[in-house]
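What follows is a short report on a single structure.
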Amino acid sequence: MNGTEGPNFYVPFSNATGVVRSPFEYPQYYLAEPWQFSMLAAYMFMLIVLGFPINFLTLYVTVQHKKLRTPLNYILLNLAVADLFMVFGGFTTTLYTSLHGYFVFGPTGCNLEGFFATLGGEIALWSLVVLAIERYVVVCKPMSNFRFGENHAIMGLVFTWIMALACAAPPLVGWSRYIPEGMQCSCGIDYYTLKPEVNNESFVIYMFVVHFFIPLFVIFFCYGQLVFTVKEAAAQQQESATTQKAEKEVTRMVIIMVIAFLICWLPYAGVAFYIFTHQGSNFGPIFMTLPAFFAKTASIYNPVIYIMMNKQFRTCMITTLCCGKNPLGDDEASTTASKTETSQVAPA
C-alpha cells in the first residue's frame, strides 16, 4: 500500500520512514510545504468573502420583494440555502484547519464538516434536478395543462432534502465514514479504502449511482429535450419573434448550466472514482486536494448562474442595494413584460 491507514484516517503517504502522524493530532507538513496550506486557507477565505454575501443577498432580496416569492424561485432559494450550508458548515472549518496544517477538530469535527459539506453539495445538486424537471414539464408539456404551483415547489424542496440526507447521513451511522482527504484539512467520504467494517464499498457504489450518475442523466435529458422542443417550435414559426428570443435564452442557460456543473464536479468525481477503483495506487495529497477544493467554487457559480441571470431578480437586487432606486432605469412594466414573454422557456 502506498498510503498509511489509521483507525479513522487514510494519509496518501507511505509510512516506510515513520514520519506519518495522525491528521487529527499533528501538522501534516510532510505532505506539503507550509505555504501550500496557507494558500488553501487564503482560497477558502476568498470563497467565504464571495460566497456568503451573494447567497445571503439572494435570500434578503427575496424577502424584501414579495413578487419574487414565486414557486419556481423557492427552488432557486434552496440553492442559496445549500450554498450557505457549505460556507458555514464547511468553508469556515476548512479555513481554520488549513491555517493549522491539520484537522484540529478531531474525528467528531471531521464528521460534522464532512456532513455539512456533503449535505450542502447534495441539496444544490438535487435542486438543479428539480429545476431541470420543472423546466422540462413546463416547456415540453408532457402533461397537458400542467401548472407548476406552490405545492409542487414545496414537494420539490422536501425531495431535495430527503435525497441530500440519504447521501450525507449514512456515514454518521455506520455505513461508510468521513475522513480527512488530500492534504488532510477537509473531510469527505472515504474513497480510499474498502473498510468492510462499515461496508464502505457498497456505499461508494450507491453514492456514485444514485447521487451522481442519475442526477447527471436527468439534467442532460431534461435540458436536451427542452432545447429540442424550442428549436422545433421555432422551425414551425410558432410565435416567431418570441420563440426566437426564447431559443437563444434557453440555449445559453442550458450551455452554462451543463458546463458549470461539469466544471465543478466532474474533476472531483473523476478523481474519487479513480482512487476508489485503484485501491493502493500511488498518488500524492495534491491529487485529491485540487479537485476537492475546486468543487467548492459551486457556492459562487450557483447564485451567479441560476439567480443573477434572472432579469426580475436582478432589477430587485439593484433596487435593494441602491436604497429603493434603480439607476439603470428598468421600470416595473418592462421587467414584468420581459418575465411574461419568456416565462415558458427561460428561467423565471
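Just so you know, the numbers here start at 1 and follow the chain as drawn.
Any Cβ shown, glycine's included, is placed from N, Cα and C.
Disulfide annotation in Swiss-Prot: Cys110 is bonded to Cys187, selected among Cys185, Cys187, Cys222.
The topological domains that Swiss-Prot gives for Tyr26 and Ser98 carry the same name, which places both on one side of the membrane. Every protein chain shown contributes to the tally, and the Cβ of Cys323 (S-palmitoyl cysteine) ends up with 6 other Cβ atoms within 10 Å. The predicted model assigns the topological domain 'Extracellular' (174-202) a mean pLDDT of 94.
For the pair Cys187 (disulfide bond) and Cys323 (S-palmitoyl cysteine), the Cα-Cα distance reads 41 Å.
Counted within 10 Å of its Cβ, the other Cβ atoms near Cys187 (disulfide bond) come to 33, all protein chains included.
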